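Features reported for this protein in TrEMBL:
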DOMAIN    137-225  domain 'CAAX prenyl protease 2/Lysostaphin resistance protein A-like'
TRANSMEM  9-29  transmembrane segment
TRANSMEM  41-58  transmembrane segment
TRANSMEM  78-100  transmembrane segment
TRANSMEM  112-130  transmembrane segment
TRANSMEM  151-172  transmembrane segment
TRANSMEM  184-205  transmembrane segment
TRANSMEM  217-239  transmembrane segment
TRANSMEM  245-266  transmembrane segment
Amino acid sequence: MDNKIIRNVVVFIVVVILSGWIGVLVDSVLTEQPKGDSPGMGIWLVTPMLAAITMTIFSKGNWNDLGFKPNFKRNIKWYFIAALVFPVVTSIVLIIGVITDWIDLSTLDPRPFILVFSSTLLFNFIKNIFDGTPLFSYLTPKLVKLNFNDWKIYLTVGSVWGIWHLPYFLVFLPETDIQAVLPVSRAITIIIMIITMILWSVMFIELYRVTKSIWPGVVLHMVEDSLINPLVISGFISIAAGKEILISPIIGIITSILYLLIGLGIRTYRIQASRKTVNSE
């Protein structure tokens, strides 16, 4: 294995994991910070991307690995797919929920929901340039070069993505938001969310690998945050008590399985496309 790559991977992961706790420390010094909009939370959010860029500069790495080029010419269909994945899966989940009486849509008013959705798209687009993106772009190619198989890549990247969120779930995220998603303790929420992120990471990783660009993933994540978060947290739908773990558009088992299947479907496409390219040469 390449010792330089191993060193860079270890340093990057350590910086990513520590970034949020540095943010917590900053907020503890700068008292009376607004919830959800503190300097510490900003440090947590942007540090992984800054670390990826800095390490690429100083290690003279491949800028293409960061995936800043949109690659529109080859990937228009993937941008459309990225924009549609969460609306389609969420619709399926809501239909299942209504059929089983696990989800109540009586409080879903389309007009205010569409307003909330559309008004948060730009903010979430900018935010999601940083949220998880450096893991899918900077870290994934490094693990490929270290000959990690796909399953080890999913587990590693997904776990780091989840662990990076620990300060968010333990400190930055208000208790009311946690209870709106799943009325359990923060500890149980953390375990469930890390597992969820590992499953969802397959979709984000494969979208990056098939497009060689971060932007379809940013679009995917943007739509997710603007769609399912207000749907659940703002109370546009009601989920039957005890059924959140099964059917919630955010952490439901059924939901996560659907996203995992989509990720594996993109993986199958990538492998088949790679084989066709090799055979044509």
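Every residue gets a Cβ built from N, Cα and C, even glycine.
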Quiz item: In the domain 'CAAX prenyl protease 2/Lysostaphin resistance protein A-like' (137-225), how many residues does DSSP assign to helix, to strand and to coil?
Solution: 75 helix, 0 strand, 14 coil
Quiz item: With the transmembrane segment (245-266) as the reference, which stretch in 9-29, 112-130, 184-205, 217-239 has the largest tally of C-beta pairs below 8 Å?
Solution: 184-205
Self-check item: Recorded stretches the transmembrane segment (112-130) and the transmembrane segment (9-29) touching, at least 3 CB pairs under 8 Å
Solution: no
Quiz prompt | Folded-back contacts onto the transmembrane segment (9-29), same chain, C-beta under 8 angstroms, at least six residues removed | solution = 38-44, 47-48, 51-52, 55, 134-135, 138-139, 142-143, 146, 160, 163-168, 171-172
Quiz item: Mind checking which residues reach the transmembrane segment (78-100)? Cβ under 8 Å, same chain, six or more beyond either end.
Solution: 72, 203, 207, 210-211, 215-217, 219-220, 223-224, 227-228, 231, 237, 239, 243, 247, 249, 252, 254-255, 258-259, 262
Quiz item: Who are the chain neighbours of the transmembrane segment (217-239) in space, where the CB to CB distance is under 8 Å and they lie at least 6 residues beyond its ends?
Solution: 79, 82-83, 85-87, 90, 94, 97, 102-109, 113, 116-118, 120-121, 124-125, 127-129, 131-133, 136, 177, 180-181, 203-204, 207-208, 247-250
